Amino acid sequence: MALSKPFLKWVFLFLVFLSAHTTCNAFYLPGSYMHTYSPRDSIFAKVNSLTSIETELPFSYYSLPYCQPPEGIKKSAENLGELLMGDQIDNSPYRFRMNVNETVYLCTTQPLKENEVKLLKQRTRDLYQVNMILDNLPAMRYSRQNDVSIQWTGYPVGFTQNNKEDYIINHLKFKVLVHEYEGSGVEIIGTGEEGMGVISTDADKRKASGFEIVGFEVVPCSVKHDPEVMLKHKMYDNIDPVTCPSELDKSQIIREQERVSFTYDVEFVKSDIRWPSRWDAYLKMEGARVHWFSILNSVMVIFFLAGIVFVIFLRTVRRDLTRYEELDKESQAQMNEELSGWKLVVGDVFREPNCPKLLCVMVGDGVQILGMAIVTIVFAAFGFLSPASRGMLLTGMIVLYLFLGIAAGYVGVRLWRTLKGTSEGWKSVSWSVACFFSGIVFAILTALNFILWGSKSTGAIPISLYFLLLFLWFCVSVPLTLLGGLLGTRAEAIQYPVRTNQIPREIPARKYPSWLLVLGAGTLPFGTLFIELFFILTSIWLGRFYYVFGFLLIVLLLLVIVCAEVSVVLTYMHLCVEDWQWWWKAFFASGSVALYVFLYSINYLVFDLKSLSGPVSAILYLGYSLIMAFAIMLATGTIGFLMSFYFVHYLFSSVKID
């Protein structure tokens, strides 16, 4: 059910838009939620998992001795992407009343026990952050370092002074930015954060008027309250204003038998920020010049490689073919005896490669991954995957991957027919395509999940989600892949332009191994994407928002072009030295970029994630990096192989040799 929720919203909003198209004067993209509040309306904040850039292990908010809501803890409905990312969104006792500035008492804990003190100190020293959400906006905190303003999402569990004593954050100063909204033909339906804007010109404007939340900021404090005085209050009682102390003796220390009182104050501030622009503050990414420099660098590489391909086609290949076709039959026969370079392997160039089934499986999976990446990034670049809908990006990728199983089965089986000349064994190929990449990823995730279970982290995949993933795999992906394979058997087989000799030609010895050239070729595609890779890794592991999908789409297109050009050039070089075993070399010429991606990930771990502590965190990081590198290898390798196959087929279809 969680999987279909975002997509039902898409369909619903699309139908509403169509029905009101003739009379509407506003329209909101899928994933954008809008709710207006009247003065004194109650608004409850929610809390997500505690996160840390030091451990990368998320934990439940209520694993620490925080105040609980009077009605009990209730989990919010989560989609597939949120569950896989380790999000656990719960309700919280933090209640605001629209446009009411107040200081509020929440609760006082029981005397802290030894295990609670130990856990609080550990979470404090591991730099864990509390992630709070109001009207679907994360709490934002500003700090200054070296006269530079830095923005963070969330606030720390506590802080450590001089590496001795630990203090807990127990008072929060909230600033809620609101924009007064005069109803202009938009009627709000639904409740709370899940309310959606629906077009209706006949709606009563007074109904739609109110205040929209356009910003949510927090300043955390540690304040030592007198528990005897605080216990006289009830939850949500108003208390005297609280000032954040600068002296440590007035801050709340973490130690046994201490009773911690939690309070907060809220201030509502009118803002000129309009509701559609409220995410701009979160999505600002510095370094636009760096992105453009990366793209310019990639374009230069493309022109360089395009020049080489141009020379190969127009000066070398075309010249040889034109000269060859101008000769009469006797001269052609004589010339055949004097052939050199790629023309000598005409009888072996389409000889079946080693491990043909594995090649078909990897190319099929590569088509599936590449298609998923392109469609996802295109949708994100055009703004359809809103950051307001948590988990939608990952959910969309999984759904696309499942349905692109048809393309994977089709390509894998058709390539198998081309290599073998028969459809026999297509079911085995289709099953392998459906299980190869998915099975490896599932095995790695299972191993990592045991580690997360052992750490009692919310990042662990629940058993119920395991069954859901298995259901999607074997009841959706596998049947669709088999259907694609069936279509592949009925498609016309690709005919080779030349016949293959019965006896394979001996490949001349060379001074250096060919795999060195293959590995070296991966540096060019890596040069195209490594700057964007840095921003993506920073987004994933340092908790930054990544939303420059326009740049990412450009980089992806450039990567496809570079991979194709590199593979064609390398394939031609191998054929020129009479090496007819080009199949796997064409795949790994561009696919070897994955090796550099993985090595760069290790470099990022050592030099940029210095704060990452413990072997568990390092194993998790390397496990996820391995999945990413493996997926990149299949996608880029497929680009190179398919382009090289087309190149070789075109090249030898022009040769007239019996």
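Placement of Cβ uses the backbone N, Cα and C atoms for every residue, glycine included.
According to TrEMBL, the signal peptide annotation covers 1-26.
The transmembrane segment feature in TrEMBL is assigned to 292-314 (among others).
Note on the transmembrane segment (358-385): residues 29-31, 392-393, 396-397, 400-401, 404-405, 407-409, 411-413, 415-416, 419, 429, 432-433, 436-437, 549-550, 552-553, 556, 583-584, 587, 631, 634-639, 641-642 of its chain, located 6 or more positions outside it, place their CB under 8 angstroms from a CB of the stretch. Positions annotated as transmembrane segment by TrEMBL: 358-385 (among others).
Here the transmembrane segment (391-416) has long-range neighbours at 3, 6-7, 31, 78-85, 87, 356-357, 359-361, 363-365, 367-369, 371-372, 375-376, 379-380, 385, 423, 425-426, 429-430, 432-434, 472, 476-478, 480-489, 491, 493-494, meaning same-chain residues at least 6 beyond its ends whose C-beta is under 8 angstroms from one of its own. Among the features that TrEMBL reports, transmembrane segment is placed at 391-416 (among others).
The transmembrane segment feature in TrEMBL is assigned to 428-453 (among others).
Residues 3, 80, 83-84, 398, 401-403, 405-413, 426-427, 429-431, 433-435, 438, 442 of the same chain lie 6+ residues outside the transmembrane segment (465-487) yet bring a C-beta within less than 8 angstroms of a C-beta in it. What TrEMBL records for 465-487 (among others) is transmembrane segment.
Annotated transmembrane segment per TrEMBL: 515-541 (among others), in sequence order.
Feature annotation from TrEMBL assigns transmembrane segment to 547-570 (among others).
Here TrEMBL flags 582-607 (among others) as transmembrane segment.
Proximity of distant same-chain residues to the transmembrane segment (619-652), defined by a Cβ-Cβ separation under 8 Å and at least 6 residues beyond the stretch ends, is recorded for 56-57, 317, 342, 346, 349-350, 359, 362-363, 365-367, 369-370, 373, 437, 440-441, 444-445, 447-448, 451-452, 494, 496-498, 525, 541, 559-560, 563-564, 566-568, 571-572, 575, 582-583, 586-595, 597-598, 601-602, 605, 609, 612. For 619-652 (among others), the entry in TrEMBL reads transmembrane segment.
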>> With CB pairs under 8 Å as the measure, which of the listed stretches 428-453, 515-541, 547-570 comes out on top against the transmembrane segment (582-607)?
In response: 515-541
> Which residues, given as numbers and ranges, are at least 6 beyond the ends of the transmembrane segment (428-453) yet have a Cβ under 8 Å from it?
Replying inline: 57, 357, 360-362, 364-365, 368-369, 405, 408-409, 412-413, 416, 459-461, 469, 473, 477-478, 481-482, 484-486, 616, 619-620, 623-624, 626-627, 630-631, 634
